[in-house]
Structures are given as C-alpha cells and as structure tokens.
Amino acid sequence: MVRSLAQWTKTLSFPSRLSPNRNSKDCSTLNTTSPVPPPTPPRNKNSNCATSRSTSSTVSSASGTSTSSNNNNNMPITELEQIIYPGPDPKQAIMGSLVFCIHHKQGCTWSDELRKLKAHLNVCKHDATQCPNKCGAQIPRIMMTDHLQYTCTMRRTKCEFCQSEFSGAGLEEHAGTCGQEPIYCEAKCGQRVLRGRMTLHKSKDCTKRLRRCLHCNREFSADTLALHVNQCPRAPTVCPQRCDVGPIARADLEAHLRDECKALAIACSFKEAGCRFKGPRHLLEAHLEANAAAHLSLMVALSARQGQQIQMLKSAVSKLSINFTGTLLWKITDWSAKMAEAKGKDGLELVSPPFYTSQYGYKLQASMFLNGNGPGENTHVSVYIKVLPGEYDALLKWPFSHSITFTLFEQGAQSGQGGVAESFVPDPTWENFQRPSNEPDQLGFGFPRFISHDLLYKRPFIKDDTVFLRVKVDPSKIVAV
C-alpha cells in the first residue's frame with residue numbers, strides 16, 4: 001500500500017527523549033502536512049549575537065509549556081535547537097529522526113529512522129493490505145490467513161457435507177440448505193437424517209409421525225398406535241363364548257354378554273339361596289317356572305340363616321357396649337315424666353344396662369323405684385342391685401361378697417361434687433348373692449329409703465330433667481376366682 005510523506009507524518013510517533021513539546025508552536029508546526037521548517041539564517045560573526053538573541057528569543061517564546069517540558073524531560077537546549085532548526089538540509093534531518101511504527105498501539109515494536117518507515121510498512125504484520133481475492137477488504141497481514149480461510153466473501157471453499165465448491169458468500173447462503181447435512185428429525189423422534197431425506201423420513205420411517213386409527217378414526221403417534229389398538233373401544237373382537245354373532249366392538253362386548261349372548265351359561269337368580277342351575281339363556285325361564293316351590297324353600301332357609309347371623313351380630317355389638325370396669329354411671333333422663341308415671345302406676349321399676357365387675361367377673365344390674373318400694377313407697381326413691389347370670393359364673397367364687405356403693409350426685413355444686421351415698425357388704429347367707437339361676441324375677445338387694453322426695457327437690461340433684469346415679473363395686477375384691 002503506497003502512502004505519501006504527509007500520510008506518514010500524520011501518524012508519526014517520536015521517542016520521548018527526542019520528541020518536542022507537543023504544546024509548543026514549533027512542535028505543532030513539525031506535525032503539519034508541510035514538515036519543512038523555515039531556513040536557518042547563516043551563521044557569521046556579525047550575526048552570532050543576533051542569532052544567539054534570536055535563538056534565545058525563539059526558545060523563550062515557544063510558550064510557558066516549553067519551559068515546563070524542559071523541566072520534565074531534562075532536555076538540553078542544544079538538542080531542542082537541533083530539532084527545531086535541524087541545519088542546512090532540513091529534509092535530511094527530518095528523515096533521520098527516530099520514530100515508532102504507526103502500528104505501535106497494535107503491538108508493533110519497530111523503532112528506527114523515518115526514512116526506513118516505508119520499507120518497514122511493506123513488511124509490517126500489522127499494516128493493512130488489499131485482500132488478494134479482491135473482496136475489497138483492507139486486512140492486516142497478521143490476520144490475512146484467517147480472512148482468506150474464513151471471512152473473505154470471494155474465497156473458494158467446499159461444503160463439508162456435499163463437497164460442492166462455493167465462494168464465501170455462496171457458502172453462507174448454502175449453509176442451512178445443504179441436502180447432505182445430517183440434522184435431527186423435526187418431529188423429535190431422536191434420529192439424525194439427511195436434510196434431503198427429511199420429508200421421506202417423516203412420512204414413512206419416523207416413530208413420531210401421526211397415524212390414524214382405523215377403528216375410532218383418532219390420530220396417534222406411530223409408536224403408540226399399536227398400544228391404542230389393543231385398547232381401542234371400537235376395535236372389533238370375538239365373543240368369548242363363541243356365539244354365532246359376528247365381531248363386536250370392544251365397548252359393546254359387556255352389554256352383549258349381559259343381554260344377548262345365547263351361548264353364555266347364566267346362573268339362576270336364586271343362586272345366593274342355594275340353587276345350582278347354570279345354563280343357556282333360553283333355558284333359564286323354563287327352569288324358573290319349573291322350580292318355583294324349590295326356590296321358595298331355599299329362600300325360607302336363607303332367611304332363617306340370615307336371622308341367626310343378625311342375632312350373632314347383635315350379640316357381638318352388645319358385648320362391645322358392655323361395661324367391664326366395675327363402675328356404672330347411670331344417666332336417667334326425662335325424670336319428671338318418669339316420676340309422674342311412677343306415681344300413677346304401682347311398682348314401676350327402672351333397670352340399668354348390665355355391667356361386669358371385670359372382663360370375666362360377675363354380671364350385675366341396678367334398678368330404681370322413683371316413687372319408692374316397700375317402706376319407702378310414695379316418700380322415697382328406692383335403689384337395688386341384682387346379680388344376673390353371667391358367662392363365667394362357673395369359674396367365680398360364690399356367694400358374691402364385694403361391697404356395693406350407691407351415689408346420687410348433686411349437679412352444679414359450687415364446692416366440689418356433692419351428693420348422697422349409701423353402701424353395704426353382702427351377707428354370705430343372703431339368697432340374693434348366691435349363684436343366680438336363669439329365673440327372670442331374680443331378687444335384688446338395696447335401699448328402699450335411699451333418698452326422700454323432699455331432699456331430692458331441695459338440693460340440686462335434678463338438672464335439665466336428668467339424674468346421675470353411680471353404682472360402684474369395691475375394686476379390691478373384683479377378682480374372686
């Protein structure tokens with residue numbers, strides 16, 4: 001690349017020890033396009049003084065920055081004079097000046113006389129030259145190889161897939177359209193296919209291509225179609241009873257077997273009652289007509305068995321609800337109505353749920369006469385305890401000898417739980433506490449004058465028309481085996 005002297009000098013960089021002050025007028029004159037300074041006056045005896053005065057005047061008029069530059073660079077006045085007034089041959093003096101390469105900021109380390117700069121630029125690896133392919137680009141020599149190989153629009157190169165030759169610009173247009181380039185399937189089946197065969201692959205070989213079910217007319221991917229066909233509700237299937245009906249849609253097979261299939265063996269509708277008939281549908285009606293009496297007998301027997309099962313379940317439920325703690329808390333509701341009924345009807349007795357002294361202990365039951373019994377009739381409430389026949393009486397010690405305590409609680413008492421309590425220890429000679437028989441009217445023992453009606457209504461024994469009575473067996477004597 002050919003440059004004029006003016007182009008060189010515009011980008012010249014002098015070493016710091018020879019560079020003139022950049023702020024001085026003479027320095028700015030040196031960096032202009034006309035680098036030649038005015039001729040130096042002739043040096044003779046008569047002009048020595050004037051020259052000396054002129055020189056000193058020039059140096060001192062270079063500006064205040066010249067003085068500061070001299071102080072910073074410690075440059076002698078004689079060297080500065082030689083640069084500003086180089087001598088009788090100014091061009092020769094300028095061309096002999098020491099300069100850096102114009103590409104020193106890009107990393108070139110060359111430094112020599114100005115006259116050698118042109119020769120250096122012809123070989124400088126950082127200097128830009130025309131691309132030999134005539135693409136019009138100015139490329140530094142150090143980057144020319146990469147430019148010719150990768151970025152030059154006029155380079156000649158081959159496609160790595162189809163091996164066709166293109167220019168640089170043509171290769172960029174060709175990239176992304178080469179039919180021999182392997183690419184991943186657009187349907188995301190995971191296969192790599194040549195771009196030119198992609199259409200054929202998507203229509204015939206791709207496992208993710210859509211295919212239509214022949215039975216329900218819905219679309220599925222090719223890899224799931226077989227699974228769908230095995231479950232498709234409209235797919236035809238053969239009756240498992242091998243009847244003479246043709247193929248049936250899978251969704252209609254259940255209705256066919258239930259209502260239409262003639263080959264299916266059907267059980268009698270009285271199967272649960274014990275009938276063992278099982279035959280074709282057309283024989284079932286004849287069987288039902290011919291065996292009506294037998295079916296009735298089977299239903300009666302089934303009803304009896306179900307009644308027994310119901311009683312067993314009731315017994316099991318009642319056992320779950322039985323109290324085995326030895327303490328009964330009896331809640332008597334609707335007290336007013338029951339008291340009125342007791343006063344109008346002689347001998348009205350309320351009985352509590354049965355309870356046990358322990359899981360395998362004695363079975364007891366409390367009873368109450370609201371209007372009294374015996375000596376307490378019409379004036380007191382009477383309470384009694386009965387020993388009932390239990391499941392484990394054969395293993396227990398007789399007669400019954402545990403102490404019994406009756407407690408009628410006050411409700412809402414301010415100072416603790418108050419009430420009326422009576423207790424007794426059974427006498428072994430009493431018939432009431434011997435091993436009970438299965439007679440329904442087993443005698444009880446208790447207190448006919450447990451609490452008077454007057455005291456009952458004076459103190460808060462009744463609240464919300466409810467009374468609470470506790471019957472407690474002495475826990476120290478629960479186990480009597």
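Our numbering is plain: 1 for the first residue shown, then up by one each step along the chain.
In case you wondered, yes, glycine gets a Cβ from its N, Cα and C as well.
Curation does not apply to TrEMBL; its annotations are automatic.
If you look up TrEMBL, you'll see 14-75 marked as region 'Disordered'.
If you look up TrEMBL, you'll see 43-74 marked as compositional bias 'Low complexity'.
The annotation domain 'TRAF-type' is assigned in TrEMBL to 119-172 (among others).
Per TrEMBL, the feature zinc finger maps to 119-172 (among others).
Model confidence over the domain 'TRAF-type' (174-225) stands at 88, taken as the mean pLDDT rounded to a whole number. Positions annotated as domain 'TRAF-type' by TrEMBL: 174-225 (among others).
Taken through DSSP, the zinc finger (174-225) splits into 16 helix, 12 strand, 24 coil. Among the features that TrEMBL reports, zinc finger is placed at 174-225 (among others).
The domain 'TRAF-type' annotation in TrEMBL covers 228-285 (among others).
Residue counts for the zinc finger (228-285) under DSSP, split into helix (H, G, I), strand (E, B) and coil, are 22 helix, 8 strand, 28 coil. Look at TrEMBL and you will find 228-285 (among others) tagged as zinc finger.
Residues annotated as domain 'MATH' in TrEMBL: 325-473.
Across the domain 'MATH' (325-473), DSSP helix (H, G, I), strand (E, B) and coil residues number 25 helix, 55 strand, 69 coil.
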